[in-house]
Amino acid sequence: MAFGRQSRGTERQVVLFVLCICVCQSGAETLRYSLAEEMERDSFVANIAKDLGVSPSQLASRNARVVSEGNEQYFRLNLNTGVLTVKNTLDREAICPQSDICTLFFKILFESPVQLIRGEVEVRDVNDNSPVFPEKEMVLEILETTSPGTRFPLETAQDMDVGSNGLQNYSLGSNSHFSLALGTGKDGAKYAELVLQRQLDREQQGEVNLLLSAIDGGSPPRSGTAQVRIVVLDANDNIPVFSREVYEVRVAENSPPEQLVVRVAAADPDEGSYGRVRYAFTQTSERSRQLFELNAATGEIRVSGNLDFEETKKHKLVVRATDGGGLSAHCKVHVEVLDVNDNAPEIALTSLTASIPEDAPPRTVVALFSVRDRDSGDNGRTECAIDVDLPFSLTPTFDNYYELRTNAALDRERTAEYNITITAIDWGRSRLSSRERIFVQISDVNDNPPEFTQDVYTISVNENNNPMLRIGNVNATDADAGKNSRVSYALVREDKEHPDVSINSENGDVYILRPLDYEEVRAIEVTVRAADGGSPALSAEALLRMLVRDENDNAPVVLHPPPDGSAAAGELVPRWAQAGYLVAKVVAVDADAGQNAWLSYELAKATEPGLFRVGLHNGEVRTARAVTERDAPRHRLVVLVRDRGQPPRSSTATLTITLVDGFSEAHLRVSEEAPATDPDGRLTLYLIICLSCVSALFLATAAAAVVVRLRRARQSMAGPLPTFPKSAAESSAGSLPRSYVYDVCFAAGTVNSEFHFLRPLFPCFPDGLPHGPGDQRSSVCSANLGEEADWAAQGRVPLSEGTGPRPAEENASSDQNPWLTNQ
């Protein structure tokens with residue numbers, strides 16, 4: 001038998017699966033199952049995954065769950081197996097007390113994406129209730145003159161089961177006077193009537209006791225019994241008669257207690273106690289007896305409880321009128337309960353996404369809910385609405401389900417949370433409404449890059465700063481939230497540029513890692529990048545400009561006379577020099593800038609203080625008076641060079657001056673009369689022009705001589721001779737090689753063509769041929785050139801092609817200065 005049930009269950013599932021496929025193709029899915037009541041907890045109902053054609057893993061990934069209508073959840077879904085089971089034992093009589101067919105509706109809710117599949121389970125009745133009579137003993141008073149064939153209605157047994165398991169038959173214990181007649185009402189209910197078969201005789205038997213049994217159609221059948229006690233009365237030949245056989249009345253469900261529903265009346269023409277009629281309910285359900293009360297004397301039926309249209313729409317009452325002689329009659333009272341708009345709509349939230357990202361596209365489903373009104377007609381019709389100034393909208397789906405969707409772009413930086421009030425209103429005359437609040441959080445998306453407070457940050461820092469010195473701060477803000485708003489700072493380095501600058505990645509503090517030197521670096525510009533913590537990260541850049549402020553950290557450096565003592569031979573001053581004669585010039589520089597580099601000169605120490613003076617700003621050492629024969633031949637001067645920094649720094653230069661007699665008076669006169677500060681005069685310009693012409697003529701002659709010698713050498717050699725490489729100047733302009741450049745120096749005040757050509761820088765090739773770097777003759781030429789460079793560094797230039805300057809005695813006879821001193 002179990003195998004047969006299993007086969008039938010398998011066939012039913014196949015049929016249901018085919019039905020599901022058809023319904024899916026039509027646009028809506030409905031799963032139908034059946035289940036016997038009183039099944040144990042977690043009993044199998046159906047394999048939802050198999051019927052829907054999905055795997056259990058899909059049920060779990062889409063967070064499928066069962067949603068039952070109403071507040072009671074009858075089923076649960078196992079996401080691991082896809083099996084639908086009973087949550088608790090089902091009692092059909094408790095769930096559907098007034099219905100022959102008991103159907104439980106549920107829905108399978110999928111998320112990601114949201115999908116609803118309707119389902120229904122028919123709870124099959126099992127024979128778990130026995131017929132029960134409302135009273136264990138029924139008392140009938142029957143007049144002894146009652147003729148045979150008279151029928152006496154009996155109390156109807158109540159069986160909570162339905163169908164074949166409900167009440168099916170009545171039986172009566174064996175007796176000699178009565179038989180049992182069965183009938184079926186218009187509503188299909190079985191009832192029994194006691195039929196008198198033989199006339200009663202009170203003198204022979206004043207009371208008859210019968211056993212009445214009610215039997216249902218279950219397997220095995222159940223039964224209930226009641227005692228029927230018949231009291232034989234004296235003759236009463238008139239029975240009560242109702243004015244109407246059926247009373248039809250309507251009453252509103254909000255009727256207050258004690259409100260009159262109807263008054264039934266039965267008349268009995270007998271007199272005395274036989275004519276006094278008493279009223280009572282019979283064949284009436286217990287629930288109806290609780291809602292209505294009957295006045296036994298007057299026949300008035302009044303409201304005694306709270307009527308509810310949603311619970312029971314119609315009540316069937318049977319009133320028995322009994323006279324004093326025990327004769328009775330029956331009438332039916334049909335009470336129709338009228339619906340009143342007394343139920344506000346109920347909002348049931350099925351699914352809610354508590355947080356949605358701010359970049360969610362329009363039409364994103366935020367919540368799914370249903371609205372139910374237990375009233376009927378217009379009182380049960382509902383409509384929903386939300387505030388119009390919100391970026392959300394309501395979309396009806398089916399079965400009074402609504403979807404809350406976004407209808408515009410969201411911006412968390414503008415509104416981080418929405419308080420949405422859903423209002424449901426019915427269509428009743430006195431409209432009732434209910435509200436449900438939904439809080440929707442807008443989660444942040446990294447859609448805002450950091451923003452610096454300035455495009456360019458300028459910070460000043462003194463040189464010689466301490467290592468790891470904090471010099472300032474940059475700041476950037478991000479309008480996002482959480483990790484998307486956490487800003488980290490970094491330097492944008494190109495080829496490890498400016499390794500001395502560092503930045504705190506968390507707060508943007510800028511540090512100098514080592515002391516700076518204004519003389520090396522006067523400004524540092526780096527790019528600072530601020531990146532947030534989003535994925536992908538967004539960033540912004542700003543320029544950080546650090547200006548190094550100078551400090552007086554460099555003492556003046558004396559360039560002339562050289563500090564290494566190479567000029568210790570000193571300066572020569574003629575004995576007949578007059579006051580203001582230029583002896584020498586102290587040249588000094590200061591690596592600092594601004595006021596820190598302004599230099600002043602003063603005579604700190606002298607062999608004879610009154611003989612010489614020093615220019616305060618130009619460092620020129622001149623005679624303060626005319627030189628006399630009595631002055632010492634050698635003098636030593638110490639010149640102090642001081643800058644104007646705070647505190648000031650200084651250096652000293654030492655000059656050795658020798659008074660000599662070998663200078664010509666003409667040269668002395670020219671030196672005294674010539675202006676020392678007019679190197680750009682017209683005479684100098686003429687001299688330069690002349691020098692240029694002579695140099696050009698000389699270079700042309702030298703080039704011609706070189707060409708002739710090269711041709712002769714090439715003809716005398718057996719093989720090809722090496723050629724000179726051509727410079728860019730030769731190839732483009734046809735000029736001589738760089739080796740033939742001549743240097744000419746002029747002293748201020750030179751008027752008598754006091755210049756000579758230097759020896760050409762052409763390599764010293766005795767045979768007219770070039771030599772390689774390793775040639776000994778080339779080394780000699782390099783040495784000669786080195787000597788000339790040293791003389792030039794000392795402020796002197798050779799006047800001939802010799803290896804040293806011409807002695808002063810040889811120059812005394814000419815009008816030429818033996819040395820041209822840098823002024």
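Cβ atoms here come from the backbone N, Cα and C positions, even for glycine.
What TrEMBL says about a protein is an automatic prediction, not a curated fact.
Under the heading signal peptide, TrEMBL lists 1-28.
As annotated by TrEMBL, domain 'Cadherin' applies to 31-133 (among others). Averaged across the domain 'Cadherin' (31-133), pLDDT for the predicted model comes to 83.
The domain 'Cadherin' annotation in TrEMBL covers 134-242 (among others).
The domain 'Cadherin' annotation in TrEMBL covers 243-347 (among others).
Taken residue by residue, the domain 'Cadherin' (348-452) breaks down under DSSP into 4 helix, 54 strand, 47 coil. Marked as domain 'Cadherin' by TrEMBL: 348-452 (among others).
The domain 'Cadherin' annotation in TrEMBL covers 453-558 (among others).
Annotation comment: TrEMBL describes 573-677 (among others) as domain 'Cadherin'.
Annotation comment: TrEMBL describes 685-708 as transmembrane segment.
Residues or ranges marked as region 'Disordered' in TrEMBL: 792-823.
According to TrEMBL, the feature compositional bias 'Polar residues' maps to 811-823.
When the domain 'Cadherin' (31-133) is classified with DSSP, helix, strand and coil residues number 15 helix, 41 strand, 47 coil.
Helix, strand and coil residue tallies for the domain 'Cadherin' (573-677), in that order: 13 helix, 45 strand, 47 coil [DSSP].
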